[in-house]
Amino acid sequence: MHEKLSSIYDNVLRRNPGETEFHQAVREVLESIGPVLGKHPEYAESKIIERICEPERQIIFRVPWTDDRGEVQINRGFRVEFNSALGPYKGGLRFHPSVYLGIVKFLGFEQIFKNGLTGLPIGGGKGGSDFDPKGRSDREVMRFCQSFMTELYRHIGEYTDVPAGDIGVGGREIGYLFGQYKRITNRYESGVITGKGLAYGGAQVRTEATGYGCAFFVDEMLKARGTSFDGRRVAVSGSGNVAVYTIEKIEQLGGRVVACSDSSGYVLDEKGIDLDLLKQIKQVERGRLDVYAERRGDNATFVAGRSVWEVPCEVAMPSATQNEITGRDAAVMVGNGCIAVGEGANMPTTPEGIKVFLEAGVAFGPGKAANAGGVATSALEMQQNASRDSWTFEFSEHRLEEIMRDIHDRCLQTADEYGMPGDYVAGANIDGFRRVADAMLALGLI
Ligand code: GLU
């Protein structure tokens, strides 16, 4: 790492003890932007990087609620408003027992550059809670969401901070959160939250956007290498919103997805994942993956407690959670003939894993770029809400596709410009950083 950047990184470590995921996210960006400082001394002079690493505002709050037995439960809520140079803070809410400040800050930090890369007017933020929705009834989830919003509402707004979903927060939770915001504020402020249902101000394609966008991005990486998804064997991790719509689009593009996973294990289905069955089990019944193999019969096997990355594939789409592909997994994948990776999740590959992929010449699409379709379509939802309009599915998907192809091209061009051809990690970090840095420079000392 550049000497100046390494002392900035040491300061980040000192000021944010124990937040390992945040350290990892900062390190990856700082390792990429050394060459930018050579060309732009003004960034260092005005301490842009030090400022970017410090969130503008961090909110931590108590979330009390009662479960179905009448027992009082206490969770912790977070919203980190990281950077508003490009627009209102924008980023999802994650409800998962692993959530603590370090996770929210890593996600918020990544979101700044991801949102910059989309070219749309959105700043970076993220929030969530250590609440675990698994096994909770709809009523419990509603009471939790209402209590969470009863504090959060005072910090957000269409022009201030616009949350959305992430792990554990989907259509059901967004509905309860928006309902409570509307009730407390007495404002039908559609643009305060995205990922809304189509019945009350949501946008076409938002549900599908992260997965579809990631498939478009990888399609473009493959095309840049003179090939395509057609006939390729693909493995996807996860079976939530991102995984499901990644599978859907890859099947439309001619690929064959043979595996997906959840926290209990993975399913191998050589004929290709049956998407209707997967949606029924995961989205309607909220069940586990072993049920998929049971119902699919002889076609599929469920492998309990093992990593999906042992399944040989030509294209890998990690769509579950952070740090799910280790250096060792990556080495196995490369050995099995993997030629492309598209990160649908945020930071699913460890630094060791990324190194293995880049050294092996794998086309590696980092989450900041490859999964930006979700937040980009959120910005399109805000645009439709602001103009009190709603677009067709076809038009919205066309916009998403254009945005993803544009992000792809800019990553490649930027990597070329800095003498690192084909390095999408460097391209994404540098392009995202420059956009935010230039806006911050123009705005004075903020
Ligand atoms: N949670 C998603 C992400 O990681 C979407 C955020 C949004 O739509 O605001 O980008």
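From the backbone N, Cα and C atoms, a Cβ is placed for every residue, glycine too.
Keep in mind the model is a prediction, meaning the values are calculated, not measured.
The candidate list LYS90, LYS134, LYS182, LYS355 contains one residue that TrEMBL assigns to the substrate site with GLN111, LYS114, GLY165, SER378, namely LYS90. Look at ASP166 (site 'Important for catalysis'): DSSP puts it in a strand. Sequence-ordered, the extra residues of this chain that approach the substrate site, with Cβ no more than 8 Å from the Cβ center of LYS90, GLN111, LYS114, GLY165, SER378, are GLY91, GLY92, ASN115, ILE122, GLY124, LYS126, ALA164, THR194, GLY374, VAL375.
Close to LYS90 (substrate binding site), meaning Cα to Cα within 10 A, are the following recorded positions out of LYS126, ASP166, THR210, ASN241: LYS126. Candidates GLN111, LYS114, LYS126, ASP166, SER378 (recorded positions) were compared with ASN241 (NAD(+) binding site); those inside 10 Å Cα-Cα are ASP166.
According to DSSP, LYS90 (substrate binding site) sits within a strand segment. Long-range Cβ contacts of THR210 (NAD(+) binding site) within its own chain (separation 6+, distance under 8 Å): ASN241, VAL242, TYR245, THR246, GLY344, ASN371, GLY373, GLY374.
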